[in-house]
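S.K.: The structure that follows is given in the form of structure tokens.
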Amino acid sequence: MEMSLRVALFFAFWVCLTTGSLNEICYQEKVVGNCGSQLYPYYFNSQSGKCERFMYTGCGKNDNNFGYLFECERTCPGDLDLGDVCSLEPEGGHCRAYFIKYFFNATSGMCEKFVYGGCGGNV
């Protein structure tokens, strides 16, 4: 019983940390710039809750301007529908990094390791 209580407290704490307010960068409006280039970075659209591509003309950007999708997703993970967090299967994501993470295996009642690729997934 004591182990179950520890696991429950750990997940409650984890959920609070991971679902806190988004980084303030994520609420900045996209800035298309004021030069003549045609670049296609990503920005976090706080209305849709997703990272999206846009045309940036260069010069005059803010911090909500990411060269790569994974940078945007890492900084601004978006709105998560957590549902029952403890019953989620691990999803390693679509990138190729190698981060050891943990998930709660509802069948065994234990936390187990899995490899997270760095973007996407359900961490």
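Glycine is treated like the rest: Cβ placed from N, Cα and C.
According to Swiss-Prot, the protein has these features:
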DISULFID  Cys26-Cys76  disulfide bond
DISULFID  Cys35-Cys59  disulfide bond
DISULFID  Cys51-Cys72  disulfide bond
DISULFID  Cys86-Cys111  disulfide bond
DISULFID  Cys95-Cys119  disulfide bond
DOMAIN    26-76  domain 'BPTI/Kunitz inhibitor 1'
DOMAIN    86-123  domain 'BPTI/Kunitz inhibitor 2'
SIGNAL    1-20  signal peptide
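Where in this structure would I find these features, and how exposed are they?
M.R.: Mapped onto three states, the DSSP output places Cys76 (disulfide bond) in coil.
Cys35 (disulfide bond) falls outside any helix or strand according to DSSP and counts as coil.
Around Cys72 (disulfide bond), the same-chain residues at least 6 positions away in sequence with a Cβ under 8 Å from its Cβ are Tyr42, Tyr43, Phe44, Cys51, Phe66.
Using a 10 Å radius centred on the Cβ of Cys111 (disulfide bond) and all shown protein chains, the other Cβ atoms total 13. Cys111 (disulfide bond) carries a strand DSSP state (E or B).
Annotation note: Cys95 (disulfide bond) sits in a coil segment as assigned by DSSP. Taking all protein chains in view, 18 other C-beta atoms sit within 10 angstroms of the C-beta of Cys95 (disulfide bond).
For the domain 'BPTI/Kunitz inhibitor 1' (26-76), the mean pLDDT of the prediction comes to 94.
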S.K.: What's the CA to CA span in angstrom from Cys111 (disulfide bond) over to Cys35 (disulfide bond)?
M.R.: 51
S.K.: Please classify the secondary structure at Cys26 (disulfide bond) using three-state DSSP.
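M.R.: Going by the DSSP assignment, Cys26 (disulfide bond) falls within a helical segment, counted as helix.
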